[in-house]
Amino acid sequence: MSCIKMKDKCRNFSLSKWQDTRKPWLILIIVTIGLTCIAHFLFQEYLFMKPCEQCVYIRFDMLVMAIGGMIALINPANNIIKIFSYSLAFYGIWLGLEHCLTLNHIHEVVHSENPFAGVDGCREIPIYPFNLPLYKWASSWFLPTGECGMDTPVVPENAYNHLNAFQKFFIGTPPDFENGLYSNGWYLIPSLKFMNMAICCLIAFLCCFVVLFAMFIAYVLDKNKPNAKIFALVIVALVLVLKFIGESKNPNQNIASLNQVVLRYS
């Protein structure tokens, strides 16, 4: 009987109907906030991996997507709500993909034999969309304290005698910290240096995009929603507006040269 019920559920499943429910948006919120909290509490606070400029941007991108999901929870079937929820979700994904690709490029350059191959540098003070001073509002979350492309643990001396076995397993033992799982930086498979943090985050954003884009297309093609195409155009337009108006450039921001970063660690 359970198999029959499962087949009936699969047969009656509609992506268009599903995107009108709170479930996909709740999953989006859990994933994005969960990853952001892991980055902050586990990697930054517990394992002493300081975030760089692109890292804090990726946190912002994740939270933008989460805000879109929270808005959708109000009434996911409402077209006006959809405009804001889809727009913020796609906007966050767009930013996230850009920042992940930038971070991966920096990571490859820093760890290559030619460390001066076309990377502009790393800002000490980040520039967020619409000049949001997030680094002032929540500095522990959004102010970069690490070097670009260098995600090795930086353990303060006053913590040497307070490390537990779990921390030592990942970051190593003092004073050199060379025998930890992440002593050479974070990788999905550290022994092979396979898939750095930027690539893993890139995959996460791509997975979110695939699911959301499928939901979006199902919404647009739903015959029971005659105005869906109009609202879809509004969503696309709003994403473009957010992306291009939100970009800001402040020449007075302090920029640390990548050359100095590389020389410091060479």
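Backbone N, Cα and C define each Cβ position, glycine as well.
For reference, Swiss-Prot has these:
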{"type": "TRANSMEM", "residues": "25-47", "note": "transmembrane segment"}
{"type": "DISULFID", "residues": "CYS52-CYS55", "note": "disulfide bond"}
{"type": "TRANSMEM", "residues": "62-81", "note": "transmembrane segment"}
{"type": "DISULFID", "residues": "CYS122-CYS148", "note": "disulfide bond"}
{"type": "TRANSMEM", "residues": "198-220", "note": "transmembrane segment"}
{"type": "TRANSMEM", "residues": "230-247", "note": "transmembrane segment"}
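Mapped onto three states, the DSSP output places CYS122 (disulfide bond) in strand. A 10 Å cutoff on Cβ-Cβ distances gives CYS148 (disulfide bond) a total of 24 other Cβ atoms nearby, all chains included.
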